[in-house]
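Step one of this worksheet: look at the structure below.
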Amino acid sequence: MTKKLHIKTWGCQMNEYDSSKMADLLDATHGYQLTDVAEEADVLLLNTCSIREKAQEKVFHQLGRWRLLKEKNPDLIIGVGGCVASQEGEHIRQRAHYVDIIFGPQTLHRLPEMINSVRGDRSPVVDISFPEIEKFDRLPEPRAEGPTAFVSIMEGCNKYCTYCVVPYTRGEEVSRPSDDILFEIAQLAAQGVREVNLLGQNVNAWRGENYDGTTGTFADLLRLVAAIDGIDRIRFTTSHPIEFTDDIIEVYRDTPELVSFLHLPVQSGSDRVLNLMGRTHTALEYKAIIRKLRAARPDIQISSDFIVGFPGETNDDFEKTMKLIADVNFDMSYSFIFSARPGTPAADMVDDVPEEEKKQRLYILQERINQQAMAWSRRMLGTTQRILVEGTSRKNIMELSGRTENNRVVNFEGTPEMIGKFVDVEITDVYPNSLRGKVVRTEDEMGLRVAETPESVIARTRKENELGVGFYQP
């Protein structure tokens, strides 16, 4: 009988990537098939996130539901991974003794051995160590699920912002070698992937090793990925202003595969609050980056992260944030009320902004961002946009849906063979959360590049001299 695996994922795109790798790994080693129904599963895995408020309590609430399943089926294996697991460790078993496996983001590749250990002697396993790059070396080949894919290029963060748990739960920055990344992307391209999203907690800090032992920059990597035939769009998430160097901006100037959309968190428009947050940049420095980006790519649209009600934030500080929002003309944002994360320096600060004031500031900020986003959408009315068709529309299964370069969802009438390909669509209607249009050109008329083999991608980045010694050539 087929063994079943159920994974519940909370949090960021990195967690989504990790969960997909868990599924591929346990399919390869144990033959587990994914199921959306927890009651059917032989193994339940909870991939957690510690960014939001009351993250720990949310975990134990979910585990309480799964405990009932374990009581009915004592052989059921329950595992907790992700950032809450890394943060809480053995404390999870103290509150939920029925949990069999606790693993961190850097030890998910050891899941097969952990499951074997639990199956063998029923003793629980806790592994929340940070074994650096080993995780990527032991994962199976990537498996495409549609025309878009996430590819993790690095883990961890060295910035230690005062409100953030990432350095404590995912460790410090570790970059994958460039060859490993390029080979994975080429494998995905060969399976029909057209758009890759390069992932990292601080993705533009990537400093991976090249095959010849030299250290590459993020700008180098972007150009190498753009050269892979079949990959027509590149996104990356999430970047830090302090690492947004001029060579990255130059890639926007000369590399059309890099989309005209950037998520660049700023958190606040007040230098005083930024200093309290440990952000190491000013609002003016942030605006200087945006100014240079728009000189290189005039149509680029920017999204960001904001925290309102940070300890010590005054009305004047908040007004400076609102001014930054207007000056940059952000297209969208992920914005939240401050809530202290245990173990961070900000948790020891006096949370002196009244809750109602926090809510009011968040409402004002989000309303302004929504107005700006709608203005950006209205500018697209009557224009022709290139859409990567991802599948059928959620609103109408008789229609197709895809995304523009600037991350707008567009619904339109089309045929099934368009799925996974690009189409040019004239935008005819604008709505708060989506656009509507009509197809004016199909991919057959675009002359796009055809995917090449992964081996040829690696070979193309190298060239041998007369002695047969390879050297790097982008």
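Each residue, glycine too, has its Cβ placed from N, Cα and C.
According to Swiss-Prot:
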DOMAIN    3-120  domain 'MTTase N-terminal'
BINDING   C12, C49, C83  [4Fe-4S] cluster 1 binding site
DOMAIN    143-375  domain 'Radical SAM core'
BINDING   C157, C161, C164  [4Fe-4S] cluster 2 binding site
DOMAIN    378-441  domain 'TRAM'
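Shown on the structure are the features that Swiss-Prot records.
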| residue | record | CB count, 10 Å |
| --- | --- | --- |
| C12 | [4Fe-4S] cluster 1 binding site | 18 |
| C49 | [4Fe-4S] cluster 1 binding site | 19 |
| C83 | [4Fe-4S] cluster 1 binding site | 26 |
| C157 | [4Fe-4S] cluster 2 binding site | 22 |
| C161 | [4Fe-4S] cluster 2 binding site | 21 |
| C164 | [4Fe-4S] cluster 2 binding site | 22 |
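In this structure, C83 ([4Fe-4S] cluster 1 binding site) is part of a helix by DSSP.
Taking the mean position of the Cβ atoms of C157, C161, C164 as the [4Fe-4S] cluster 2 site, the remaining same-chain residues with a Cβ inside 8 Å of that point are K159, Y160, Y163, V165, V166, P167, Q201, N202, G278. Rounded to the nearest whole angstrom, the C-alpha distance between C164 ([4Fe-4S] cluster 2 binding site) and C49 ([4Fe-4S] cluster 1 binding site) is 12.
Cβ atoms within 8 Å of the centroid of the Cβ atoms of C12, C49, C83 (the [4Fe-4S] cluster 1 site) belong to the same-chain residues W10, G11, M14, N15, T48, S50, I51, G82, T169, site residues excluded.
Residue pair C12 ([4Fe-4S] cluster 1 binding site) / C157 ([4Fe-4S] cluster 2 binding site) shows a Cα separation of 15 Å.
In three-state terms derived from DSSP, C161 ([4Fe-4S] cluster 2 binding site) belongs to neither a helical nor a strand segment and is classed as coil.
Put simply, C157 ([4Fe-4S] cluster 2 binding site) is 13 Å from C83 ([4Fe-4S] cluster 1 binding site) when counted between their Cα atoms.
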